[in-house]
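Novice: Sharing a structure below in structure tokens format, with a few things to ask.
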Amino acid sequence: MAELPVTEMPGDALCSGRFTISTLLGGDEPPPAACDNSQPSHLTHGSTLYLRTFGYNTIDVVPAYEHYANSALPGEPRKVRPTLADLHSFLKQEGSHLHALAFDGRPGHELTDGLVEDETGANSEKSPGEPVRFGWVKGVMIRCMLNIWGVILYLRLPWITAQAGIVLTWLIILLSVMVTSITGLSISAISTNGKVKSGGTYFLISRSLGPELGGSIGLIFAFANAVGVAMHTVGFAETVRDLLQENGTPIVDPINDIRIIGVVTVTVLLAISLAGMEWESKAQVLFFLVIMVSFANYLVGTLIPASKDKASKGFYSYHGDIFVQNLVPDWRGIDGSFFGMFSIFFPSATGILAGANISGDLKDPAVAIPKGTLMAIFWTTISYLAISATIGSCVVRDASGDVNDTITPGPGLCEGLACGYGWNFTECSQQHSCRYGLINYYQTMSMVSAFAPLITAGIFGATLSSALACLVSAAKVFQCLCEDQLYPLIGFFGKGYGKNKEPVRGYLLAYAIAVAFIIIAELNTIAPIISNFFLCSYALINFSCFHASITNSPGWRPSFRYYSKWAALFGAVISVVIMFLLTWWAALIAIGVVLFLLLYVIYKKPEVNWGSSVQAGSYNLALSYSVGLNEVEDHIKNYRPQCLVLTGPPNFRPALVDFVSTFTQNLSLMICGHVLIAPGKQRVPELRLIASGHTKWLNKRKIKAFYSDVIAEDLRSGVQILMQASGLGRMKPNILVVGFKKNWQSAHPATLEDYIGILHDAFDFNYGVCIMRMREGLNVSEALQTHTAPEALVQEEQTSTIFQSEQGKKTIDIYWLFDDGGLTLLIPYLLHRKKRWGKCKIRVFVGGQINRMDEERKAIISLLSKFRLGFHEVHVLPDINQKPQVEHTKRFEDMIAPFRLNDGFKDEATVAEMRRDYPWKISDEEINKNRIKSLRQVRLNEILLDYSRDAALIILTLPIGRKGKCPSSLYMAWLETLSQDLSPPVLLIRGNQENVLTFYCQ
């Protein structure tokens, strides 16, 4: 119950710019005329609530950011809007407090925090411990550009241009950019659909598609970034090794030099990362400036006339014939193919997620990610196209590097464009021994530039910045994945340190993975490995955007509008296609890993709820199919037993729940009905609390069922509501399942009338009826009218029942005494299909005449064979109408004796009054009219004891008592007599007399 403290105020202070306690309580009293409404009121319980509402007679608050935020800002109390109970219920003053006379599910302090506490700190100064946040330029654009401008730009783009030619190189670049641009648009849409936290790509995919795909791609993406650290570090190490070799100072040998330099370099990068995001960001800005200077240096170098040394290496400045020759491809080596070049180049376009991966460190991710990412894609694309075109116009493919290879007078043979510029590289070209030229020399950009050390510095800046960005991305993404605890044994790496919650342990793990791949020491081997992982990530990002759009969920409202769901789908498909065109076996491995991780999360079912598009899609499918079912006419072949089970709280009836679930699981509808009895609907607010608890209990027990509760004045009216309102369209119950009322002889007669009345109501609503009785009882009357604290339901130990275990090689005995449409046969058939009941033998017992036993048995066997149920053992009971034993008859008479009117010698008026006052009692006339039927129940019990004492389950046709002609106590006596003294569970079934089995094919 929410409490609002009331402070005593003098009369002249009863002024309010918002509301007063007097108007709040009285509802009609206006404020005093002397009030100065320009001053804030003190009648707001000592709070600033008056700042959050307006007008008189209301505690409604105006819209505010705090009401929708999941957490309060640092230094501020949590603020919440008033609940519906606060606004709707009557407020009663008791002493100095106002009590809302309604159930409030929130803790009392939460309301106080929201409505009463002073909003101090709303304009509080920035906390000195607040983490560093970046804008779109420094945080996203520069970071993405640095990650895109990696080792491939300087060391492989000239070589790719020589292999593929300028035209196909542009096609490779534009194809890569098309994929990344579409992905960039998808990332922009997803990142602007709500507040983005840390976790980058993993956070965006997991919150869009759900934990299943999000978790798998998060793990793969973190791993791909860790391998990316190795790729860029190896590129840096190659450059340093070449410099050492040119100066004649190698460390060991070419391969081991790369390994040594790479490990030392990645260790330094680890130290920078551990210093914090602020230092890492400063290092990135420095690298960016170095790269820009190196670009300018390269472009100036292409304009400077070639020196003799550069000419010997194939550089002749801009010439049209060089440009024309380099337009077409000249494939060489094992990687000499379009997709071979594409697989090597594509990782250089994959840095578009570098900004999104530090989403938790951005000031406004929703603005920074779209703007910075798309600008980075644009500028880097221009740079790639420009470098490919310019270097392809200046440098020939083959050159010896020997300054003496000039053309000499004489008849010697000279081939190639270099001949026109006075150089003869024919010998090395024919012998494939040229060490220089566009296709042979990886450091061509350095050679072309005006000042080679600046290109080397650019290579250092590009490789180190990309490696640093990948290291940070890998750790940040993995940290968020660890915090969500979707996978076991990784929570250790999720711990954050310092004001920025730096993932130190994640850095160390990424460092270890990077070192392992640096040992490979071959850039062309590492690059294709991560291409598939990045493409897999892009495919899922695009699919996330498409899926969220196609579900038409009201929650999908990205502020970034320049995206297309069909472009996103195309991006997803083309990413998968490219994966297989690049390296089909690596694509299969990547998809296999994703599927394995996906199935693991599906199996574990983590308790997270992120409002994913998968959930929205599930709703759409369910809605579409449910509406579609309305157009389908009922047919016997499509009949399914859809059960409304009167469990009360399901945890009070585990045996009943388990039994019904056995034949409805994955087949039909099961609803656990619960009637809360309360006059005047006083317990309405409880429903939302207890419903979630009971649903979680069902889920924990792995029962596929719905929980439905209603509040009613009495049990019978509540069940009537359930029977009429439960279900949706064709998905409505057609069978009412109840437990046997074991205490009917001692219970209040009104509850007995309700119980039998419920059965009559079920038949009136055209329901079939099943009554389950177990020897140990089900506590029907208590369970149907009681409930437990919902918060304790999930924690309580799950009660085991006999229906959860194997039933062995016992029998399921079916007493098909009367034809109810076939429901008495269908339910045991469905049970027998389940593994727990599969070893049981089914026996069918029918009534018959002793002189026609064989004929009747053959007739029933023939009928059962037409139903294709697989029931072959049939027994005919010829003595079903024999008189029962005297002592059993006597026991029945003793059972009904307390419920008799004994009206045989009373006048008619007295008898009529007695029947009106005691409708459950049995008159002498009713006993006489139903004597044969009563004796039949006694005799049937004797037969059950003779034939089915050791059965796993007894199923028999439920007798029907005619409404108004059979008192409730007599009917209960029949049910009691039928099922008493039996050890196996007994299920009494009566269909609605409509066929549920057919032997026709249409």
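Positions of Cβ are set from backbone N, Cα and C atoms, glycine also.
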Novice: In Swiss-Prot, the chloride site includes GLY351, ILE352, LEU353. Which of TYR154, TYR511, TYR538 does it also list there?
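Specialist: Chloride site check in Swiss-Prot: besides GLY351, ILE352, LEU353, the record includes TYR538 out of TYR154, TYR511, TYR538.
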Novice: Can you tell which of THR53, THR183, THR824 Swiss-Prot marks as phosphothreonine?
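Specialist: Swiss-Prot records phosphothreonine at THR53.
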Novice: Please indicate whether the topological domain of PHE134 in Swiss-Prot carries the same name as that of GLU522, placing both on the same side of the membrane.
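Specialist: Going by what Swiss-Prot records, GLU522 is on the opposite face of the membrane from PHE134.
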Novice: Among the recorded positions GLY351, LEU353, ASN424, which ones place their C-alpha within 10 angstroms of the C-alpha of TRP149 (Na(+) binding site)?
Specialist: GLY351
Novice: In the same chain, outside LEU146, TRP149, ALA462, SER465, SER466, whose C-beta lies within 8 angstroms of the Cβ mean position for the Na(+) site?
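Specialist: Going along the sequence, the neighbours appear as MET145, ASN147, ILE148, GLY150, LEU153, HIS232, PHE287, PHE288, ILE291, GLY351, GLY461, THR463, LEU464, ALA469.
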Novice: Restricting to the chain of ILE352 (chloride binding site) and a gap of 6 or more, list residues whose Cβ falls under 8 Å of its Cβ, or answer none.
Specialist: CYS144, ASN147, ILE148, THR180, THR183, GLY184, ILE187, THR373, ALA376, ILE377
Novice: Among the recorded positions listed here (GLY351, LEU353, ASN404, ASN424), which has the Cα closest to the Cα of ALA462 (Na(+) binding site)?
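Specialist: If we rank GLY351, LEU353, ASN404, ASN424 by Cα distance to ALA462 (Na(+) binding site), first place goes to GLY351.
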Novice: Near the transmembrane segment (166-187), which same-chain residues lie under 8 Å Cβ to Cβ, leaving out any that are not at least 6 residues past its ends?
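Specialist: Same-chain contacts beyond the ends: 157, 160, 201, 204, 323, 326-329, 338, 341-342, 345-346, 348-350, 352-353, 356, 369-370, 373-374, 377, 381, 384-385, 388-389, 392, 535, 538, 541-542, 544-546, 560, 562-564, 567-568, 570-571, 574-575, 578.
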Novice: Specify the nearest of the recorded positions GLY351, LEU353, ASN404 to SER465 (Na(+) binding site), where nearness means the distance between Cα atoms.
Specialist: GLY351
Novice: Can you tell me which recorded stretch out of 219-241, 370-391, 452-475, 506-520 has the most Cβ pairs within less than 8 Å of the transmembrane segment (136-165)?
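Specialist: Out of the listed stretches, 370-391 contacts the transmembrane segment (136-165) most.
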Novice: In the topological domain 'Extracellular' (302-336), how many residues does DSSP call helix, how many strand, and how many coil?
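Specialist: Counts, helix then strand then coil: 13 helix, 1 strand, 21 coil.
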Novice: Output the single range from 337-358, 370-391, 452-475 maximising the number of Cβ pairs under 8 Å to the transmembrane segment (254-278).
Specialist: 452-475
Novice: When each of 219-241, 370-391, 452-475, 506-520 is checked against the transmembrane segment (526-542) for Cβ pairs under 8 Å, which one has the most?
Specialist: 219-241
Novice: So what's near the topological domain 'Extracellular' (302-336) in sequence-distant terms, Cβ-Cβ under 8 Å and 6+ beyond its ends?
Specialist: 161-168, 344, 389-403, 405, 417-418, 420-423, 425, 436-439, 441, 444, 447-448, 450, 524
